[in-house]
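Under the heading active site, proton acceptor, TrEMBL lists Asp156, Asp494. The ATP binding site feature in TrEMBL is assigned to 37-45, Lys63, 383-391, Lys406. Under the heading domain 'Protein kinase', TrEMBL lists 31-282, 377-634. As annotated by TrEMBL, domain 'AGC-kinase C-terminal' applies to 283-352.
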Amino acid sequence: MDFLLEEGNIKEIAITYHVKEGHEKADSSHFELLKVLGQGSFGKVFLVKKISGSDAKQLYAMKVLKKATLKVRDRVRTKMERDILVEVNHPFIVKLHYAFQTEGKLYLILDFLRGGDLFTRLSKEVMFTEDDVKFYLAELALALDHLHSLGIIYRDLKPENILLDEEGHIKLTDFGLSKESIDHEKKAYSFCGTVEYMAPEVVNRRGHTQSADWWSFGVLMVSFNAWDDKVYGSLILTKLGMPQFLSPEAQSLLRMLFKRNPANRLGAGPDGVEEIKRHPFFTTIDWNKLYRREINPPFKPATGRPEDTFYFDPEFTAKTPKDSPGIPPSANAHQLFRGFSFVAISSDDENQAMQTSGGHSIVQQLHRNSIQFTDGYEVKQDIGVGSYSICKRCIHKTTNMEYAVKIIDKSKRDPTEEIEILLRYGQHPNIITLKDVYDDGKYVYLVTELMKGGELLDKILRQKFFSEREASAVLLTITKTVEYLHAQGVVHRDLKPSNILYVDESGNPESIRICDFGFAKQLRAENGLLMTPCYTANFVAPEVLKRQGYDVACDIWSLGVLLYTMLTGYTPFANGPDDTPEDILARIGSGNFSLSGGYWNSVSETAKDLVSQMLHVDPHQRLTAAQVLSHPWIVHCDQLPQYQLNRQDAPHLVKGAMAATYSALNRNQSPVLEPVGRSTLAQRRGVSL
């Protein structure tokens, strides 16, 4: 027990052990310290890995609070947050997994949330529709209702307290200002929270109930729709005028949430959240599916792998993790103890600092030029050389692990888009994983997993026995990955066979990786912001969709070339490395390629049908990735022939012909490179490179 003195009263604060359900009691020896995520006057935040028990290898954020440095009010608040978190078990509320203490320290083991906060981060990255907003508000409504069912008024509902997990679902955090209702009318009276989001009765200190949270819920809905900031301050003082860009259902919901009398507010009645769920605005929401996390979020944050800490300050992550007393915060220290989940993104103070200094690119945010690539890695031999980059093998000095590093000349290419795509989608099992990023001013270094199995086509062409069934399994894996990217609004635009590799020597389809996203694009609006699939479907200009459709069709065409070559051992449009670009382009433009005689005699008719539809000369008639996946040659893979395909045995010729094909294509549409600062992306971000 801890006895604390506050304003002349003795308060008994019991911070007891908390153990994750179904697990053993934990102490600090059960966790491996991986990185320092942050540090402040209270203590430290670590990224840790559980090293024992049934949740071994699980990553958590471990907050170590030094009791002696916590003020009385902070200690009472700490106990309050801990008690609330222990009670709460909900898919959209941050989870406290373990709590334990020593004589001088309190340890809290929590979710490690890497997606940043929903509003301040995503509002700067993405174009949302009203339907997208509806998804987040619906998850938030379920989280608030759960707290209310426990008698808890949240009271501090504001954008930075709504975080995202790596999949894009929300997690409500920061319970330091939450209060269990205390009088017989279930009202609380203290003044707390953030004034812009407070209900009138909270501001006026007339006593407030859970209804206050639904007012704040409405303010969040307003802020998400990018309403004029002036409306914020006048919500309490004036009658609300509804902007016409909101649907009638959205306007109706806001009017019912912004009732000055809390008793009349939607959600305040005896049915509680059911009133909100029944409102026409939420008609399209399947609440049961939503609770089970079966509805895909509109947007997936760029989070990297679970153990990556790209969005943490290298001032901390470069330190050797050591559980020691906290030191006073530096002038630019992050806000560390935002509730009980560590937020993997900069605070508002840091955002302001970035704006005053002219802004930073995503690369500069990742390592801030404070650490050199060669400090952490030893560079080895070349793997490949391109027009704007070079790829080398490298070894991590601490772990001796082998990686590949792509070194990009920033004067020739802006790497921002490639990095964003890899951060956002690199967790897919068949997309190359980005391990680290460095920027020395002239070059950007992208550290990725090393493709030890080599190029897919090399391996397949050298394979003595190769059947249609094996070819179908390979194409299935690659096309599923491409379909995933296309569904997210990402086109690769350079799916030549040399960019499809094996991560190991097994040759299993699971070890295939799509690499080199240097030409890849994410679908963006005219203002440079990303667009959710819903936004794309409803608001994108036809010419933008046409261009996107062309790029999508090009990806499928490249997979058709790969399939043709896997089946026959030669390429469809080039006979060898000596073919001229003009000849190759003429054949591609005419759509003439052979599917009969010679090596095609051993290929099934369903395979020929798929090849012809993937290589159709008209992009509009070419199959989509989803249509490829539903083709009988893919669907009925187990019924395909297992006998050896009769293929041309000349891998060196194929490689030369393939290189000639893509060289001709690139020569035909090579863009004029301009300084990086001229790019729309750089101008939108105010980046000076």
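Including glycine, each Cβ sits where the backbone N, Cα and C put it.
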Surrounding CB atoms that lie within 10 Å of the CB of Val385 (ATP binding site), all protein chains:
9
Protein Cβ atoms within 10 Å of Cys391 (ATP binding site), excluding its own:
20
Using Cα coordinates, what distance in whole Å links Cys391 (ATP binding site) and Asp494 (active site, proton acceptor)?
17
What's the number of neighbouring CB atoms sitting within 10 A of the CB on Tyr388 (ATP binding site)?
14
Rounded to the nearest Å, what's the C-alpha distance separating Lys63 (ATP binding site) and Asp494 (active site, proton acceptor)? Just drop the number here, would you?
44
Let's check the environment of Lys63 (ATP binding site): how many other CB atoms sit within 10 Å of its CB?
25
C-alpha of Val385 (ATP binding site) to C-alpha of Asp494 (active site, proton acceptor): distance in Å?
16
Helix, strand or coil by DSSP: which one applies to Tyr388 (ATP binding site)?
coil
Give the distance between the Cα atoms of Tyr388 (ATP binding site) and Asp494 (active site, proton acceptor), rounded to the nearest whole Å.
15
